[in-house]
Each structure stands twice: as C-alpha cells, then as structure tokens.
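Participant: My questions will all concern the structure given below.
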Amino acid sequence: MNPYVLMILLSSLGLGTTLTFASSHWLLAWMGLEINTLAIVPLMAQHHHPRAVEATTKYFLTQATAAALILFASMTNAWITGEWDMNSMSNPIASTMIMIALALKIGLAPMHFWMPEVLQGLDLLTGLILSTWQKLAPLALIIQTAQAIDPLLLTTLGVASTLVGGWGGLNQTQLRKILAYSSIAHMGWMIIILQYAPQLTLIALGTYIFMTSAAFLTLKSTSATKINTLAMTWSHSPTLTATAALVLLSLGGLPPLTGFMPKWLILQELAKQDLPLTATVMALAALLSLYFYLRLCYAMTLTISPNMTNSTAPWRTRSTQGSLPLAISTTLALGLLPVTPAILMLAT
C-alpha cells in the first residue's frame, strides 16, 4: 500500500477514536465510529484475496448495522427527552438498544458471530488493529453510559461472552480464530465488572491490549497461522517460542504473569459485591479458555514436527519485522503482576 494512503488511513483511525472519546453528544460519537469503520475497511481489503474481501464485507455490514442502531436509539432518546447528551439516557428502551448496538460493535456474545470469521480473513497486523484499537471507541461509550443500562443485561452479556469465548475456541485449529474467541472472552470479563468497578474494566482492557499485541506480533514474526506450524517454530527461534508460550499462559490468566491480575481483581470485586455464583461461573469459564491456550503451548514447546531436524537451525533468516514493539509488549504481558498496587492506585 502507498505510504501516504496508509498514513491517511491510520490518521483517520486515530481521529475517529479521539472524536468518540471527546464527545458527549451522540451524533459526534456516531460520527467518530463511522470514521473509524471507513478508515479500517481499505486496510482490511488491501490484499486482494477473496477471503480478505469477504471478511471486509462482513465487517462493514455488521458495523453499519450497529451504527444505524446507535443513531436510531439516540434519536429515539432525543425525541423522548429532548436531549442528545450521553449522560441523559433516561429512556430504558433507547439505552438497551444502544448497549446491544455497542455489543455488536465489539463482538460480545450473542452478537459475536462475525468476529472469528472476519479475523480469519485478515492478515495478522490488521487483525491486531481490529482486536485492540477498534475496541477502544465502543468501550468508551459503554463505560460512559453504563449507569443507565440494566445491570442484568450487562451481567448476561458478560457471562455469555466468557462462556462462548471459552467453548468456541476449544475446537479450533486456526490461530486467528482462537485469538478471536480469546478476544470475546476478555470482553466478557471487562463488561461483567463495569457496573461495580469501572476502573477494573480499564485495567483489564490495558492488560488485554498488551497480551494480544504480544501474541499477534509473535505470530507475525514466526509467520504462523495454524497450530501445525507452531510445532516448527522452535528450531528457528527458541527464545521467541519460550516467550510466546508464556504470553499464551498470561492470556489464560496464570500467575505470576500479567494476565492473572485483572482476573484476580475482578473475581475479588464480584465476591465483595456478594455475587459468589457469578464469580464461580466466570472462574470456570476462564478454565475453558485456559485449555486452548495450553493446547497451543503444548504444540509449541512439547511437540516436534516429524518433517524437520531435532536441533536448532544452524542458520536463521533475518526477520524484517521490527523487534522493539514485540519486546515491549511481551515484557508488559509477562511482568506487570508485581506492580498491581501501583496500577490500582493510578486507576482509582
């Protein structure tokens, strides 16, 4: 892609998200979401491949549906209350419609069906943008309007997303689909705690972005898209394979890695709010996700592909990818647990 075109598209992505962050008016927020969608569509379709074009079409249709629903709900609210302001969502029907539309935007269950299919058709870097940056604007709107939304709806979306994210990833062999289901499960963790402690949603979002970035950049570096190819990575880059396995365990939420922090804090807060059943279901759903991360780790570190030598390659091709983003995201994905008190203090 032409670097000038790429710069314009990435700037538009930033502009759309910033517009939504800064707005308190529904029309401006909707405009930001639309700019965001239109900026990522050419990035998704840049490889003129039928899978990429299909994924782009599916993504555009779902995002356009969600944007239309947001516009309809905000107009309904403005019609009834005379206010376009986000903080005056007094009509329950309008606020429920907006929550459903935003859930469709970020791929919460049961509005998640587009997410694995779309991610599977994209290259890894565009998939990374879709899994991290594209979640920010809708989540900001959900956080701003959370107090007006029915708590039962938030709890249902959160629990359903963690369960679907766990179950859906169990039978997958494609890494991008596994990461899509991982994304759905993590979104569920963020939504479940939103009504009780919004700062924990932000902490969970931050750790999710670090861990997902590390996972996608590792796969990009090793050019792996299927579980089978993971078994052949260690002979090319043993160190990267070891850190990748740790990043996957961090995504699963095992101590003493960063991924344990948001799960621990969220379960603790749910127990404080006298919701032991919800906390138990969430913890069991996390075990489902952990199973498929362990499967990837097993394929990566404990199996040897039959069609290669059992020793590390004497020569290695130089990677053209910059290693600094990968190093930073991996470090953050593995080592933030000891600074949990400082992160909590900053977030509150």
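Numbering starts at 1 and runs along the chain as it is shown here.
Every residue, even glycine, has its Cβ placed from backbone N, Cα and C.
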Participant: May I ask you to indicate which of 26-47, 92-113 is given in TrEMBL as transmembrane segment?
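Facilitator: Going through 26-47, 92-113 one by one, TrEMBL flags 92-113 as transmembrane segment.
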Participant: Any chance the transmembrane segment (240-261) and the transmembrane segment (57-80) have 3 or more Cβ pairs under 8 A, given the pairs are 6 or more apart in sequence?
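Facilitator: Contact between the transmembrane segment (240-261) and the transmembrane segment (57-80): absent.
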Participant: Average the per-residue pLDDT over the domain 'NADH dehydrogenase subunit 2 C-terminal' (290-344) and send me the rounded value.
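Facilitator: Taking every residue in the domain 'NADH dehydrogenase subunit 2 C-terminal' (290-344) and averaging pLDDT yields 81.
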Participant: What same-chain residues lie close to the transmembrane segment (92-113): Cβ under 8 Å, and 6 or more beyond its ends?
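Facilitator: Same-chain contacts beyond the flanks: 33, 62-63, 65-67, 69-70, 72-74, 76-77, 80, 134-135, 138-139, 141-142, 145, 148-150, 153-154, 157, 160-161, 163-165, 168, 180, 183-184, 187-188, 191.
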Participant: Any residues 6+ beyond the ends of the transmembrane segment (202-219) with a Cβ under 8 Å from its own?
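Facilitator: Distant contacts of the transmembrane segment (202-219): 124-125, 127-128, 131-132, 135-136, 139, 143, 175, 179, 182-183, 186, 189-190, 193, 225, 240, 243-244, 247-248, 250-251, 258-259, 261-262, 265-266, 321, 325-326, 329-330, 332-333, 336, 343-344, 347.
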